[in-house]
Amino acid sequence: MERKDWIDQLRGFAFFIVVLCHASVLGVISHVGAAFHMPLFFMISGLLFYPEKVLERSLISQVGHKFQSIIIPYFWVVFSLFPIWVLNYRVLRKGKANYWHTLIGNLVSQDKIYPATVNPVWFLGALFFAYLYILIIVKITGRQRWLRLLMAFGIMALGFYFSDKQLPYHVNTGMVGAGYIYTGYLVRRYILEKNVLRNYKNLVIVILTTIGFVSAFSNKTVFMVYGQYYSIPLFVTSSLTFSIALILLFSEFSKDKVLAFMGRNTLFALGAHIALIRICQAIWADKLSSSFIKMFMVFGVEALLLGIAYVMNRWWPYMNGKYTANTNSKKAFIFRMIMVCWCMIVPVWMSVVRWLTDEKGRSFIFTVLFTILIGGLFTIITSKYVKWIYLEKKQV
């Protein structure tokens, strides 16, 4: 499957909009961005979706591939960010959170069931189920395109119907996402590939953007994570018009290396950016009152995430959902163990503190020792028998 640079650039831009929204730079940006940024991510996935290829392979192998490339990195991301959230809430904000409940919330990817630090990576659970639904639909319908279309938008309508339910991994939001994935496929297949708008593209972009603004401002601020769409017709209109306008615009883009790089590395950044924003807000609360200063924070966070992505790709590519060739090198093992220990340090610390409530010095020593011991054993066992959690196979 050919990878197009402009799609990576579009994904990088969509991520930038997400960061702007979460940084609360301007109320109008947050309001408009919420009207389309998550549907846009689903539609970008649809641009790379090929039903013909789905029909060539077994459903089980494709679901397994999506589980490995989406859900496994999800767990790596939330557990690697857990210590950062503890630093934020316990140290900087002096909060008293129940971290066991937070851990459970991370496991089920739903902070309405248990308080969780998953935040924007809730999208990964919804994306996995969106793929699952659309894969099943394609397998059921075969080459019957009209039936496939009806089923894709039917399950989307079902997702809107159950939008008030707070379910693990946002399986109902995934139903809505399945419709957007299929819409992205339709845009690529029948608009971009056929180039039907070649003489009117700029005019169509202006018209779609205008409709998007009108429908977004006619609706309340959307929170897709909680299924709060308010007016569903207005939400669908704003999300589709903005998303299609941006797809048309970016399909003409020349190569932008920074946006493209960020677009190829949004998985870890999706979870990390809001943790970094909250830390900045906790440390410099009195200095982040103006939108101008917040914009500096946004660009600073983006720059830091670019650097982190470079390091991740070098030593921990599975954190970004990237496959690697099988390797048994000592260096690879050491870096795996470092990441595993980092992910385990808070759960181990919580267990040790409950055991040694009055011995802070001993608690620290035992936390370090147990983390290294458990992390080392985990890394040894998984590196030998469960290599797939490190995405150690060729992408298919």
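From the backbone N, Cα and C atoms, a Cβ is placed for every residue, glycine too.
Where the annotation comes from TrEMBL, it is an automatic prediction and has not been curated.
These come from TrEMBL:
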type	residues	note
DOMAIN	5-287	domain 'Acyltransferase 3'
TRANSMEM	12-29	transmembrane segment
TRANSMEM	35-51	transmembrane segment
TRANSMEM	71-92	transmembrane segment
TRANSMEM	112-134	transmembrane segment
TRANSMEM	146-163	transmembrane segment
TRANSMEM	169-187	transmembrane segment
TRANSMEM	199-218	transmembrane segment
TRANSMEM	230-253	transmembrane segment
TRANSMEM	265-285	transmembrane segment
TRANSMEM	291-312	transmembrane segment
TRANSMEM	333-352	transmembrane segment
TRANSMEM	364-386	transmembrane segment
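Between the transmembrane segment (71-92) and the listed ranges 12-29, 35-51, 112-134, 169-187, the one holding the most Cβ pairs under 8 Å is 112-134. Within its own chain, the transmembrane segment (230-253) has Cβ neighbours under 8 Å at 5-7, 9-10, 13-14, 32, 35-36, 39-40, 43, 47, 160, 180, 183-184, 187, 191-192, 197, 201, 204-205, 208-209, 211-212, 215-216, 218-220, 222, counting only residues six or more beyond its boundaries.
Ranked by the number of CB pairs under 8 Å to the transmembrane segment (265-285), the listed stretches 12-29, 112-134, 169-187, 199-218, 291-312 are led by 291-312. Highest Cβ contact count with the transmembrane segment (112-134) among the listed stretches 12-29, 35-51, 169-187, 291-312 falls to 169-187 (criterion: pairs under 8 Å).
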